[in-house]
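Colleague: Copied straight from TrEMBL:
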- Glu187: active site, proton acceptor (ACT_SITE)
- His186, His190, Glu222: Zn(2+) binding site (BINDING)
- 4-78: domain 'Aminopeptidase N-like N-terminal' (DOMAIN)
- 114-355: domain 'Peptidase M1 membrane alanine aminopeptidase' (DOMAIN)
- 431-699: domain 'ERAP1-like C-terminal' (DOMAIN)
- Tyr288: site 'Transition state stabilizer' (SITE)
Amino acid sequence: QYSMLIASQLEPTYARTVYPCFDEPAMKATFNIRIVHDPSYVALSNMPAIDVSEMRDENGSLWTVTTFNTSLKMSTYLTAFVICDFDYVTRTERGNEIRIWARKEAIKNGYLDYALNITGPIFSFLEDLLNVSYPLPKTDLVALPDFGAGAMENWGLMTFQESSLMYLPSDKFTSRKAMIAIIVSHELGHQACEMLRHFFFLFKWFGNLVTMNWWNDLWLNEGLASYFEYLGATFVEPKLSLDKIFYDHVVQPVLREDNEIGVRSLSESEDKIKGSFSLMSLFDSITYNKGASIAWMLSGFLTEKLFVRALTSYLKEFSFSNANQDDLWTHIQMVLDAQDEVQLPASVKQIMDSWTCQNGFPVLTLNLTTGTISQEQFLNKKNENSTDSYNNTWIIPISWMRNGSSQPLMWLDKSSKVFPEMQVSESEYDWILLNVNLTGYYRVNYDELNLKRLARLLENDPKAIPAVSRFQLIDDVFALTQFGYIQIETALELTKYLAREDELFIWNMVLLNLVPENLEGTLKNYEVYPLLKKYLLKRMLPIYHYYAGFIRQNVDALEDDYFAQVYLEKLFATACWLGLQDCLNLSSELYAKWMDNPEYKIPFLIRRTVCCYGVAVGSDKEWNFAWEMYNHTNSTKEEKDILLSAMSCAKESWLLYRYLQYGLSDTLFSSNCTSIIILYVVTKDIGHRIAWEFVTENW
């Protein structure tokens, strides 16, 4: 028995396909919505239903008519409706009725309880922080089984992908909890002002109260929402270390992208974006991640207190109307002018325009013998076409520390400047660190002298440098190497200390930079493989054994270690790939345990790696078990995929050949698995040839 489901997604320009309207964010109106629908379904919209009646059509069939209260003044893209046969869980927070709707069995199993428990507190947190009260009498959050957008902040009726609201009590080990907290706070965030893109979602009543004049300022909505979303998420789950997650998920990925020649700036001029064809391309990482990074930087040099004070006055003035970025700068300027603790080298508009209206970002080059710092746009020096000198300069806040103690904030407001306080002495214990805890959106290129001192410091006392700064230091040197600013040897100097590094998110970034994406193949990496084996493996041992201990004794203790949930797999996979005997043994032990008792669950954190190496180290007995479990009807899609991949890890060629044959037969597989199996096999060393021969024979 099928049930139907209708849900709308009207951002940016689809309201016009539902009803005739001037479909532009600046044209706000009130809406009276009435929906005629099948009586066995329920209709939801932005406002509460005020009347439900019946009518018959000309054929005598009975229909239900649901009429909703008149909406507040809002933009067309925020109107919404859902027609479903879902159930809901509910609670009231400060008079605002919150309901979460989902498929009946999901509600019955309690999968939405976690989301319900955190939604109310996040609302209250944002209301108190920004001193605005939520203007609607109810909020519905709907979990949709299949939803392309991830989540949408329709006012009073938010829609989410099912997986981003559900927390299955059996999901002990997923980063689900953190993700739900972040997505939910992003969307609510929008609801005063208006979880990776999935991560971003309840700060959106911000944009619903104050909408951008035109889509070229979309980043105001999304960037600020992403910033608040992280504040909201740590409020709900205090165990998340916000600065690490923010740098790892938001800033670092966009710094990697924001340096191609064609990348747009954050705020484009209006005429560039007039045609709606290019609107969709604005919903990208520049808008979300760079927007949030710039908001983070702004909050850093203003102080959070002044930033929030300015946002509060901005929200008060522009509620139910429209604003552009200059309006926000004006409000920040007003708050600044009324106090004397924080002094800026230029107006807020001049500073911020340098970050939002120019594309890319700067790299600072230091000479610490003279104390000179210069800036240029960070571009790939290995590319011929990037040699045209861009004369972009930014007004750059520089937070810095010297020998472990924080120094007063400095500003670099021209292409180069001498800072006498930054000259270092002869002593090798005299070191300087810039952009502490990533307060600014830029990279730093230290001189040889200071890098040597930092490398030495890391080897003697890694904790003298805060974790986020260690991450950033290493990320910067690899990026500088890749773009031809420095030699790889210089970068590797900073990795010598890694045996003493206990932060998984830093290890993950090192592995991203040093280890090939596709771990199965050693053939193409024949040069680097033995070197990595020699260099990395001994440095990985301490952190590997630390986590292997938990896996063997008490895996539940890792439940609150967010980075273990996201990155432990990569660490283990690398250790096994480099041939660490203990890693291979651990995989066979856990796999054997599963074979003895199919009810046993291999720890989710490393299940993929364990299954792969369990099969690789084993023989046909292990392989056949994986095949049998794959064909078990009650395994989930995720488990099936893990097994499909694991069966291609076999080290005996006849097993791989038989696997490919199985993949062809219709009775065994739905035909769309054929290509997946071939793909998995072809990436393996011994599978490479076998798969090619198989494809040509069965072309």
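Cβ from N, Cα, C; glycine included.
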Colleague: Do me a favour and check the Cα-Cα span between Tyr288 (site 'Transition state stabilizer') and Glu222 (Zn(2+) binding site); whole Å is fine.
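Modeller: It is 6 Å, counting Cα to Cα.
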Colleague: In the domain 'Aminopeptidase N-like N-terminal' (4-78), how many residues does DSSP call helix, how many strand, and how many coil?
Modeller: 6 helix, 27 strand, 42 coil
Colleague: Let me spell it out: for each of the recorded positions (Glu222, Tyr288), count the other Cβ atoms within 10 Å of that residue's Cβ, using every protein chain shown. Which one has the most?
Modeller: Glu222
